[in-house]
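Working notes, structure below.
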């Protein structure tokens with residue numbers, strides 16, 4: 001047992017599907033304390049975060065759309081450990097959210113995807129100057145990390161690979177951050193994939209997907225009924241090797257989210273990817 005005060009946690013995007021899962025997970029963790037729930041949807045303003053997340057009892061934490069005052073409130077509490085904000089919002093707002101949090105000394109744990117490489121580098125520089133930890137994690141599933149590690153191992157033996165990512169039809173960005181990260185991990189191996197065998201012609205633009213790092217193509221599917229799924233398909237003469245990860249419940253991300261909340265306090269810079277803290 002420890003007498004250390006629990007870590008103050010703000011959830012941004014609290015009314016979303018991932019936000020509600022994070023609220024439940026944080027509320028059930030004895031070393032964490034939900035102190036704020038932010039959401040810009042007017043429909044949910046002033047509702048209790050616990051009730052909105054489906055908990056049996058209210059948490060007495062109202063939903064608010066005021067991010068800056070909440071950051072200031074948590075930053076000013078000198079009796080508690082440094083605060084953490086978990087961000088599952090939107091690609092259009094996440095960059096500003098992260099900069100604001102770092103400016104207040106609040107450690108961001110970011111699951112929102114859609115940041116450009118230039119934005120990530122700028123945030124990394126900002127976090128370095130502030131000596132403040134920040135985690136940007138495209139996918140919090142430990143199973144997805146294992147898939148990516150298996151893909152790295154397989155890439156030593158296959159020259160041809162493509163990625164298919166499938167998500168629910170309310171996902172705003174494509175390709176997914178996880179698919180881009182998977183391609184980046186393979187691209188960092190210093191190997192060029194998919195050597196051209198014929199001159200291809202796309203009868204419809206984009207029919208062959210987008211080209212990511214080192215010639216790896218990514219294909220995106222958006223349909224109702226899906227949550228989050230990814231295939232990495234390797235091909236060679238006479239064989240196909242397929243790696244696939246399926247998410248059937250968003251609860252699968254919560255062990256990774258809780259791990260990130262606890263780990264980010266010890267960081268002094270921006271770290272990208274769950275695999276870096278496992």
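The backbone N, Cα and C atoms fix where each Cβ goes, and this holds for glycine too.
Marked as NAD(+) binding site by Swiss-Prot: 13, 14, 15, 16, 17, 18, 111, 112, 113. Residues or ranges marked as active site, proton donor/acceptor by Swiss-Prot on the basis of sequence analysis: 167. Swiss-Prot lists 168, 177, 178 with the feature (S)-2,3,4,5-tetrahydrodipicolinate binding site. According to Swiss-Prot, the active site, proton donor annotation covers 171, on the basis of sequence analysis.
DSSP classifies residue 167 (active site, proton donor/acceptor) as strand under the three-state reduction.
Shown in sequence order, 222 are the residues of the chain, 6+ apart in sequence, with a C-beta less than 8 angstroms from the C-beta of the residue listed as 'active site, proton donor'. Distances between the Cα of residue 113 (NAD(+) binding site) and those of the recorded positions 167, 168, 177, 178 are shortest for 177. Other Cβ atoms within 10 Å of the Cβ of residue 13 (NAD(+) binding site) number 25 in total over all chains. Among the recorded positions 167, 168, 177, 178, none has a Cα sitting within 10 Å of the Cα of residue 13 (NAD(+) binding site). Residue 177 ((S)-2,3,4,5-tetrahydrodipicolinate binding site) and residue 15 (NAD(+) binding site) are 21 Å apart (CA-CA, integer value).
Cβ neighbour count within 10 Å across all protein chains ranks 167 highest among the recorded positions 17, 167, 168. When the alpha carbons of residue 177 ((S)-2,3,4,5-tetrahydrodipicolinate binding site) and residue 111 (NAD(+) binding site) are compared, the span between them is 9 angstrom.
Around the Cβ of residue 15 (NAD(+) binding site), 21 further Cβ atoms fall within 10 Å across all displayed protein chains. Binding-site extent for NAD(+): residues 13, 14, 15, 16, 17, 18, 111, 112, 113, maximum pairwise Cα distance 17 Å (rounded to the nearest whole number).
In the three-state DSSP assignment, the secondary structure recorded for residue 178 ((S)-2,3,4,5-tetrahydrodipicolinate binding site) is helix. Cα-Cα distance from residue 111 (NAD(+) binding site) to residue 178 ((S)-2,3,4,5-tetrahydrodipicolinate binding site): 10 Å (rounded to the nearest whole number).
In this structure, 177 is the one among the binding-site residues 111, 177 with the smallest number of other Cβ atoms inside 10 Å of its Cβ. Counting only the Cα atoms, the space from residue 168 ((S)-2,3,4,5-tetrahydrodipicolinate binding site) to residue 17 (NAD(+) binding site) is about 12 angstrom.
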